[in-house]
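Engineer: So TrEMBL lists these for the protein:
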- A:80-99: transmembrane segment (TRANSMEM)
- A:120-147: transmembrane segment (TRANSMEM)
- A:159-179: transmembrane segment (TRANSMEM)
- A:191-215: transmembrane segment (TRANSMEM)
- A:235-255: transmembrane segment (TRANSMEM)
- A:294-315: transmembrane segment (TRANSMEM)
- A:341-364: transmembrane segment (TRANSMEM)
- A:385-411: transmembrane segment (TRANSMEM)
- A:417-441: transmembrane segment (TRANSMEM)
- A:448-470: transmembrane segment (TRANSMEM)
- A:490-511: transmembrane segment (TRANSMEM)
Amino acid sequence: MNLMGTGLLLRFALRRDRVLVSAWVLVLLATVAASAAAAGPLYATEAERVAAAEALDASPAIVALYGPILDTTSLGELSMAKMTVLYAVFVAFMSVVLVRRHTRVEEETGRAELVGATAVGADAPTAAAVLEAALASLLLGVLAAVADIACGLPVVGSLLFGASWTGIGLVGAGIALLAAQLSSSARSVGFLASATIGALYLLRVVGDTTSASWLSWLTPFGWGTQLSAWSQPRVWLLLGYLLLAGALAVGALALRRRRDLGSGVLPDRPGPAVGSPRLRDAAALVVRQQATALVGWTVGIAVIGALMGSIVPSIGDLLDTDRTRAIVEAMGGVGRLQDSLVFAIASVVAVVITFFGIGAVTRAAGEEHDGRTETVLATATSRRLLLLAVGGSAVLGSTWLLLVAGVATALGRGDGFGAVGASLVQAPAVWLVLALSLLLLSVRSRWAVAGWALLALFVTVGQVGPGVGLPDWVLGLSPFHHVPRYPAEVFTWPPEVVMTAVSAVALLAAWTRYRSRDIG
Amino acid sequence: MAGVSNPIEVHGLVKTFGRTRALDGLDLELVPGEVHGFLGPNGAGKSTTIRVLLGLLGSDAGTATVFGLDPWRDATEIHRRLAYVPGDVSLWPNLSGGETIDLLLRMRGIDPRGTRRDELLQRFELDPTKKGRAYSKGNRQKVALVAAFAAPVDLLVLDEPTSGLDPLMEQVFNECVAEHGAAGTTVLLSSHILSEVERLADRVTIIRGGRTVESGTLDELRHLRRNRVRAEVAGKVPDLSRLEGVHDLDVDGRVVSASVEPAGLPGLLAALTAAGVLSLTSTPPTLEELFLDAYRSTS
């Protein structure tokens, strides 16, 4: 191992990622704190906790998504149910993003060569990337534990829960590091790592919902639950994270030594020698660039939608105790409750779909930064067509995904197609966020990344705001706040029309600016 | 502008980025069918000028026209008639070289099937099946060059196009430019590689600090410049230091060398003849010297 210069590279990486890491950690912390703070008053007595936990455990769909609750009397386990398994995915993804960014992306752009030619050790860039992800995971774990303790949850449980997050972060880093050795394409590395995480999550889903429960012990996403952080913990299970992450890292390092800088272990497949006549203009180019991602998103959204939809019919049974029945009746009966859930699902999925759209916009900013926009605009391609292609791929792609989500939810629910409407009702809010992102891109290509910050802000306000009692005008900053709560409430046109109109104005402003600014 | 418009006309062009004045009253004129060398050190404003001419950047003052049209307003119309090779070619990582070439041609409104792309792929020894991310710098350059040379155009805009090419490929590049030149294509060839421009260009424009320093045919520029004269005489070297138009005098035994303005040549030759000249060489300045001279005079 030649690690000379690792410290320098680590400091450099931390400096480059200071906004990214801080934002990621803060958003996750905010959700932890909000969940922990909300659970106490909601489930004040043990009887209430047991009722809620048993209700959750009774629904295979919820167990599939969040994993089971082992100790139904534990407040900590109940309040952290979502965090322990589902949100752990976002922790793993943080490490994937960081490691990929400092390994394969650097190699693909040739910057790794620049660094490699200086007096840093051959293994230093890899070590720095892993160390950075490990530090971020550790920071996130510690702060998550602190947040839980501050919100009144038991100390030991909080620490173990935090440790499980750090653990899954380390595993994510290991997965990304291994993937980075395999393919020479940074995009493929992202795809490989995401698919691996998806597969490990699915393994847990099968283990938790079928009799083959041993499967949950094979995947790190099952360990969060099996750790049993809040009562009779299996502390030794934390070693699992360390061993798995270590094994992945060692494997990756061995592969790293056997390949050249810039190449991958998997061979690069040759492409066609001649371009298809369909690949003929900027619009076709954008479609080609987005096609793979859109197919992946379509499959992913369809699975999530179907899974969420299948929860809906069981929601009435879940809460079928004497006391809850009274509440449900007061709220308008089981049908109304199901409608509320359909709305809730649609609003969450809409936010996820917005990620796709913003990704399409920021990709265009990357194209401009790398000089490819210049190449395109030096042909007979007009700026109008290019902006239309970029905006169209973001807006139409997202709208298509909303439709997929709605249909999948409806099929999962198996009771008519009301969910399709619920999903499409979200469209104006998604459009508005995307129009604002396009405006940022049009003002200055470097500003496009602020689209992520905008979305993070809206999500945080929407997720955390109601819990901590933020004033209405703050909640109203997020377009998603204004979407009619259809089908739980009657559909109203005004907010939809207003948001669509504001989107149109933003797009018009974007076009006016884009046609008159310097490119590059 | 009177009569038929030149392919490129730039007068007093100014472009600022914040406080930096990238172009500071630049002039550039290309006549139809010429290969025009556009010379300047790094940061002189060559690429900025080209980007303004392509309508990618706006200008702050002055005028720029391509085919008599406004590059900002009529960009697509202009671009149908030209091909551009950037100095630093960036390719789509997941598109093969062949796909990229065909896409670039189609985006210019040209069907690749009727072009010379296959012949050029062979001449440039380029494998079109590799993915964009797998090409070296030189091969990325070749992808852009094949796309630019494959079909006839009215104007080729080449921004330091041979960076990363080996000498053999440079030779192929030179042939391609010559072929297009012979077919009547106007070529704007930006470069800091002087030999390449010297071989290909009919006229050159030398810029520095966003301004035009010199412009003309190589002959015209040489005419204004001093020849390097070196002579060996039989007897004692006469005192030449008082002669008009003779500079940088250097006497080493019976060998004398000096830079001589055209006006100083008769006087110098008379003095050397009187001293019994044995050998005499006179070398016109290379473009390199013109270049250095132009820089010196403005710095």
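Including glycine, each Cβ sits where the backbone N, Cα and C put it.
Any idea what these are sitting next to in the structure?
Structural biologist: Residues of the same chain lying 6 or more positions beyond the ends of the transmembrane segment (A:80-99) and with a Cβ under 8 Å from any Cβ of it are 13, 17, 20-21, 24-25, 28, 31-32, 35-36, 56, 65-67, 69, 129-130, 132-133, 136-137, 140, 144, 148, 153, 161, 164-165, 168-173, 175-177, 180, 190, 193-194, 197, 201, 204, 221, 224-225, 229-230.
Residues 1-6, 8-10, 12-14, 17, 21, 24-25, 28-29, 32-33, 36, 83, 91, 94-95, 98-99, 101-103, 106, 112, 158-159, 161-170, 172-173, 176-177, 249, 252-253, 256 of the same chain sit 6 or more residues outside the transmembrane segment (A:120-147) yet have a Cβ under 8 Å from a Cβ within it.
Outside the transmembrane segment (A:191-215), and at least 6 residues removed from its termini, the chain residues within Cβ reach (under 8 Å) are 60, 63-65, 67-68, 85, 89, 92-93, 96, 100, 172, 175-176, 179, 182-183, 221-222, 225, 292, 296, 300.
Within the chain carrying the transmembrane segment (A:294-315), a Cβ under 8 angstroms from the stretch's Cβ atoms is held by residues 58-62, 64-65, 191, 198, 334, 337-338, 341-342, 345, 348-349, 352-353, 356, 397, 400-401, 404-415, 419, 423, all 6 or more beyond its ends.
Here the transmembrane segment (A:341-364) has long-range neighbours at 286, 289-290, 293-294, 297, 301, 304-305, 308-309, 311-312, 315, 373, 390-391, 393-395, 397-398, 401-402, 405-406, 409, 413, 418-419, 422-423, 425-427, 429-430, 433-434, 437-438, 440-441, 445, 448-449, 451-452, 455, 458-459, 462, 480, 483, 485-488, meaning same-chain residues at least 6 beyond its ends whose C-beta is under 8 angstroms from one of its own.
Sequence-distant contacts of the transmembrane segment (A:385-411), counting only residues of its own chain at least 6 positions beyond either end whose CB sits under 8 Å from a CB of the stretch, comprise 281-283, 285-287, 290, 294, 297-298, 301-306, 308-309, 312, 342, 345-346, 349-350, 353-354, 356-358, 360-361, 364, 373, 376-377, 417-424, 426-427, 430-431, 434-435, 437-438, 441-442, 507, 510-511, 514.
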Engineer: Which one of these stretches, A:159-179, A:235-255, A:448-470, A:490-511, has the most C-beta pairs shorter than 8 Å to the transmembrane segment (A:417-441)?
Structural biologist: A:490-511
Engineer: Counting Cβ pairs closer than 8 Å, which of A:159-179, A:448-470, A:490-511 has the most of them with the transmembrane segment (A:235-255)?
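Structural biologist: Against the transmembrane segment (A:235-255), the leading stretch is A:159-179.
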Engineer: State the non-local partners of the transmembrane segment (A:159-179) in its own chain: residues 6+ outside its ends, Cβ under 8 Å from one of its Cβ atoms.
Structural biologist: 76, 80, 83-84, 88, 91-96, 98-100, 103-104, 126, 129-130, 133-134, 136-138, 140-146, 148, 189-190, 192-193, 196-197, 220-221, 223-224, 227, 229-230, 233, 235, 238, 240-242, 244-249, 251-252, 255
